[in-house]
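Chemist: I have a structure I would like to understand better, so I am pasting it below and will then ask my questions one at a time.
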Amino acid sequence: MSERELDVPPLLERMAAGLTRELERRDGGPPILVGVHTGGVWVAQALHERLRARPPLGTLEVAFYRDDHATSGLKAAVRTSEVPFTVDGRTVILCDDIIHTGRTARAALNALFDYGRPAAVLLAVLVDRDARELPIQPDVCGECLELAARQRLKLHGPDPLRLTLEEASP
Amino acid sequence: MSVQLDAQGNLRHLLTTEGLPRELLTRILDTAGSFSGVIGKSVKKVPLLRGRTIINLFFEPSTRTRTTFELAAQRLSADVLNIDVASSSTSKGESLLDMLRNLEAMQCDAFVVRHADSGAAEFIARHAAPGVAVVNAGDGRHAHPTQALLDAFTIRHEKGALEPLTIAIVGDILHSRVARSQIHALRGLGAGEIRAIAPRTLQPRGIEQLGVRLYEDMDAGLEGADVVIMLRLQRERMRGALLPSEGEFFSRYGLTEQRLERTHPQAIVMHPGPVNRGVELDPRVADGPRSVILQQVTNGIAVRMAVMSMVLGGQGEAAPASIEEVAG
């Protein structure tokens with residue numbers, strides 16, 4: 001087992017720059033940030049500071065929207081969704097740490113729409129690792145990585161944020 | 001009771017709170033806490049159990065429990081069927097197992113069972129097809145686990161950690177499946193002190209072995225309590241000469257504003273409902289600022305959602321270290 005660490009702040013800077021460009025292009029009014037528990041919430045918090053976004057931060061627990069409940073059950077620690085503002089007509093930046101198969105993003109979109117009808121949703125992720133199983137792509141990502149199935153990418157946090165890449169011996 | 005847990009310690013059925021590990025009890029309450037957020041959304045539903053079928057099998061009448069089980073299933077997007085068996089096929093001589101096989105043949109995924117006989121839910125769980133879950137909604141004098149869990153959830157929500165709390169349970173402890181399940185759940189969750197207040201004729205033998213302090217005198221038992229749980233007095237039991245009259249019961253064990261002064265100033269008052277006003281509780285206490293009786297009803301939905309989503313969740317091959325890695 002080998003492990004290396006990826007530097008997080010440059011990825012966040014790249015995401016913030018990408019989001020700023022994207023928001024200017026769209027001109028959709030001040031955005032609201034929503035993070036997917038748990039890593040996505042840390043990413044949303046970091047972006048919240050960098051984008052100087054005003055409204056409070058939303059958090060989404062997607063466990064109740066996953067498609068693998070019938071096979072895998074509920075994970076041990078289920079957290080609470082908190083969306084303390086109306087999402088109707090707003091531009092929502094949905095943040096997650098890693099997009100892989102796309103199933104979490106699918107569940108998060110469904111969870112988000114139970115709170116209302118946003119004008120637009122942007123998907124922002126720290127790392128886009130390949131092997132998508134659904135036609136969902138991030139609008140902004142800090143880094144794209146092509147990884148083998150035996151490589152495990154994990155975000156640790158909240159402070160400091162550390163991104164580790166573990167490789168099990170083949 | 002091992003039938004309710006699988007080899008990995010996951011909840012397969014919920015039959016009793018007795019013997020449930022603390023970690024699992026805590027997990028049920030935490031999951032319920034997460035579900036209570038669902039009720040605040042514009043769409044008060046999650047798609048977790050879409051396509052699954054839950055049958056409420058009630059051999060004994062119940063309004064509140066059945067309704068909250070039904071609402072919980074609907075908020076999880078399951079299909080729910082209510083079968084009131086008292087007026088159904090057992091009266092035509094169909095045996096319980098026949099009925100079970102027929103309902104299973106309709107491809108249901110879970111039974112929520114209430115029955116007047118102790119052990120009925122476990123019997124059904126032992127004979128149910130693999131993959132069919134059973135949740136006990138009250139069996140005889142034995143257990144009413146979801147009521148006990150929603151009570152524990154309410155206490156934790158109102159008062160925080162259970163360890164420093166003194167909790168007094170008052171009334172007909174002897175015949176109460178609610179009290180039995182509460183004692184096991186609160187013990188399992190590490191509650192500080194549990195007191196049982198009841199006339200000698202309604203004190204079950206050996207209850208001290210569960211770590212409960214017994215009181216015959218209500219005023220002494222209420223002294224400094226943080227939580228007072230009043231039990232419903234089953235009127236039909238009164239005829240069995242265990243108690244002289246409702247009036248006398250109220251004068252000795254009814255919770256009045258005056259008696260409430262003996263408790264901790266921030267004590268909360270609970271009751272599983274429906275309240276016999278003027279028998280267990282002075283209406284001024286039932287409707288007063290310390291009463292969390294209606295919060296219990298609301299919390300019952302979230303707790304039942306948690307239980308159903310846990311017994312109906314697949315157990316996977318091995319628990320993944322982190323869900324993000326599996327699906328990212």
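Every residue gets a Cβ built from N, Cα and C, even glycine.
Unlike curated records, TrEMBL annotations are generated automatically.
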Chemist: Given that TrEMBL lists B:R64, B:T65, B:H144, B:Q147, B:G273, B:P274 as binding carbamoyl phosphate, which residue among B:R27, B:R101, B:R114 does it place in the same site?
Modeler: B:R114
Chemist: Quick one: which residues besides B:R64, B:T65, B:R114, B:H144, B:Q147, B:G273, B:P274 have a Cβ within 8 Å of the carbamoyl phosphate site's Cβ centroid, in sequence order?
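Modeler: Neighbours found: B:S62, B:A137, B:G138, B:V178, B:P272.
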Chemist: If one measures from the C-alpha of B:H144 (carbamoyl phosphate binding site) to the C-alpha of B:R232 (L-aspartate binding site), what distance in angstrom results, rounded to a whole number?
Modeler: 13
Chemist: Which of the listed binding-site residues (B:R64, B:R114, B:H144, B:R177, B:R232) has the least company, meaning the fewest other Cβ atoms within 10 Å of its Cβ?
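Modeler: It is B:R64 that, of the binding-site residues B:R64, B:R114, B:H144, B:R177, B:R232, has the fewest other Cβ atoms within 10 Å.
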Chemist: When you measure from the Cβ of B:P274 (carbamoyl phosphate binding site), how many other Cβ atoms are you left with inside 10 Å?
Modeler: 10
Chemist: Note down the number of other Cβ atoms within 10 Å of the Cβ of B:T65 (carbamoyl phosphate binding site), including every protein chain shown.
Modeler: 23
Chemist: Kindly assign B:G273 (carbamoyl phosphate binding site) to one of the three DSSP-derived states: helix, strand or coil.
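Modeler: Going by the DSSP assignment, B:G273 (carbamoyl phosphate binding site) belongs to neither helix nor strand, so it counts as coil.
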Chemist: Would you count the other CB atoms within 10 A of the CB of B:Q147 (carbamoyl phosphate binding site), including those on all shown protein chains?
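Modeler: Around B:Q147 (carbamoyl phosphate binding site), other Cβ atoms within 10 Å: 27.
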